[in-house]
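One structure below.
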Amino acid sequence: MDELPISLSTHQRQLIERYKEIMNLVSTEEAFDVMVASDWNLENAVSKNFDFTGGDRRSTRDTGESSLSTLLSNDSSTNKESLVRNCTQSNNLRRQNDEEIVIEDDDEIDDDDYIYSSDDDCMIVDDDRDLGANGVPLIPEDYTSVEEALHNLSTVFEARYGITPPFTQWSLSDVIQESLNVPYPNIQDRKPVLIYIFHDKSVSNNIFPLRIFFNETIKEIITNRYVSWAWDVTSVVNRKALNDMFKKLNIQSDNLLKLTESNLPKIFLLIKERAILSVNDSFSIEDSDDSIINKLLLTCEKYNTIKDRDIKEHVARKDREDTINEQSKGYEESLARDRARKLEQERLAELQRLEEENRRLEEIKKNEIIANSALKVPDEPGSEEKEIVTIKIRFPDNKQSMRRFYKNNKIGDLVNFIVSLGYPTADYAIYKFDRPKRKVSDKDLNLTFEDASWPVREQVFVEEI
């Protein structure tokens, strides 16, 4: 550390070095001026803008302000006694001009019994101080929904730091679904999830947000390349709620469930690989700006690699599925053709069977008709007998037959004779050999040859209908 024109305690030197580290300062004198102006309160120093240039630089010899902020001290009696002695020394320097009453240190008196006026240079800050701006917690214990809790967190955060946070107000499960589970073909739209966990009693709770959101590079990466979500675990109730969320989502990280006030606030970078949610990296106030940027970018790079692999695997899987589906489709089509062919064969076989059955039945029926007709045919008279007619019959297959009938036989007897020879009237018609030819009709059947004036010799022919 550069030499300063005043003797500083070990705690004060540590505060100056810590401020330089947080604000990336090189000048020890400038850090010293800011700490003095902030009453040696590191949180106030980081959260305010101080500009000490030229004649505006102040010296501790003029102000006499050198009290150490109890935000960074512990609860031991030694530190409290040292703090009171520092306050006493500071007031002794002022006594000449302000004539204020100086409270002398007494080892036998408990520091908790001291009452400090508003004009005192320092006071001990209780660990049970009000939470947040004007005592408003980031997340109250009595919230009715996660969305309501996150809306309250964003509102209080903006009121405290003057920064509009990029935190989404969806539930953690919805955030993961919308950012890490975007389906194909939009896998490239997936983003890693940034989880910011607060604790209002943490020493760096008011420092860390400024580190993150006043750095344009860090802010740009978080805003454009991450989906951000936040939660406050100051309350035991809210801590349990967060633990339940992590367990329900099966997020793989023991560190998430073992957070304490001393290592908060902290940011976790969540990714998903092969259906497993895991914390890829994390950072806190202990990390430098370069380290934070590097972790953010490396997580994005790793997740981009995962997304590229997921796309390739999806395409390959889809190709395999398409091939299997095509093969399955071809197989099903082949089976369908075989089934259709078989059904057609069965249909034709059944049709053939029915046709054969019909033919068989028709043949039986035909034979019955022929047999019945043969029984009705009268005996043929002899050639020497009188009162007869001789009829020459021509059949479709060029066969001929001669048959004699008595004149008093009926024309129906001729028809029965022709049917008995295998030419039923359902399939064949009988015509007289007239000009023009005349069909023997049903009304002719009951007439005798004599009544119908058939000549002694007559010709008829049989034609298939």
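Just so you know, the numbers here start at 1 and follow the chain as drawn.
Cβ atoms here come from the backbone N, Cα and C positions, even for glycine.
Please treat TrEMBL annotations as automatic predictions, because they have not gone through curation.
Here the coiled coil (337-371) has long-range neighbours at 419-422, 424, 426, meaning same-chain residues at least 6 beyond its ends whose C-beta is under 8 angstroms from one of its own. The feature coiled coil is assigned by TrEMBL to 337-371.
As annotated by TrEMBL, compositional bias 'Basic and acidic residues' applies to 54-64.
The compositional bias 'Low complexity' annotation in TrEMBL covers 66-79.
According to TrEMBL, the feature domain 'UBX' maps to 384-462.
What TrEMBL lists as region 'Disordered' is 51-83.
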Whole-number mean of pLDDT values that fall within the domain 'UBX' (384-462): 92
DSSP residue counts for the domain 'UBX' (384-462), split into helix, strand and coil: 13 helix, 29 strand, 37 coil
